[in-house]
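For reference, the structure discussed in these notes is given below.
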């Protein structure tokens, strides 16, 4: 498995034309509901086979790159395919299914602390769907108290639930790391968010996007976090930990 540094990770993100945020904010799994079909099409399902169940989520951040977390690239199942723009957990009847040609962990990833829990997938061909925007480097896109949305195909009930067949969304509030440190040990590569008891990420949501919505459509959505620690430990807790996309070192390129 290859790995990449903070600077080169950022270079990949911006060198391939990943969309960046141009700033203005809209106030959307467990405890949520199905999103309208044809929305959040930058959300990707990661699959072992072309038409099998998505076992992780991801975010299309350029036509040929998907951002996800480290647990999604071979620890349980091989990340052989991504399904982009699909509303459904499995099958090939909507969206597009594209083969993964390489997967890279961030070199800063620490399996003990969970720092830099980020991975990048490169696709065999460009996707026709619009990538999600990346956050600004000045911390202006992640503000404690702001509303955010989590989307994924994870369990909708726990512990005896099953994965959602349709893409789900739930609204969460971003917490300061100081407040969240009462529950978890955090660093600057993480962001904490929660929606109260019963509104959370769950099994199957790992790697999926935490979104800041800035308009009535999806074209200005920004991916600020990736489902990380919370979905691997328990479901339905008041707050969960996400990998912080702002911490990837984009500022080193003057973004």
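Cβ from N, Cα, C; glycine included.
Annotated in Swiss-Prot:
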type	residues	note
SIGNAL	1-21	signal peptide
DOMAIN	29-255	domain 'Peptidase S1'
DISULFID	56-72	disulfide bond
CARBOHYD	90	N-linked glycosylation site
CARBOHYD	105	N-linked glycosylation site
CARBOHYD	110	N-linked glycosylation site
CARBOHYD	160	N-linked glycosylation site
DISULFID	180-192	disulfide bond
DISULFID	202-235	disulfide bond
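Positions of the features from Swiss-Prot, shown on the structure.
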{"residue": "72", "record": "disulfide bond", "contacts (Cβ under 8 Å, 6+ apart)": "46, 55, 56, 57, 58, 79, 119, 206, 207"}
{"residue": "90", "record": "N-linked glycosylation site", "contacts (Cβ under 8 Å, 6+ apart)": "45, 47, 51, 52, 53, 54"}
{"residue": "110", "record": "N-linked glycosylation site", "contacts (Cβ under 8 Å, 6+ apart)": "116"}
{"residue": "180", "record": "disulfide bond", "contacts (Cβ under 8 Å, 6+ apart)": "186, 192, 239, 241"}
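Between the disulfide-bonded residues 56, 192, 56 has the most other Cβ atoms inside 10 Å of its own Cβ, all protein chains included.
Under the three-state DSSP scheme, residue 90 (N-linked glycosylation site) falls in the coil class. Mean pLDDT across the domain 'Peptidase S1' (29-255) comes to 85 in this model. Secondary structure at residue 192 (disulfide bond), as computed by DSSP, is strand. With a 10 A radius on its CB, residue 105 (N-linked glycosylation site) counts 21 other CB atoms from all the protein chains. Secondary structure from DSSP puts residue 110 (N-linked glycosylation site) in coil.
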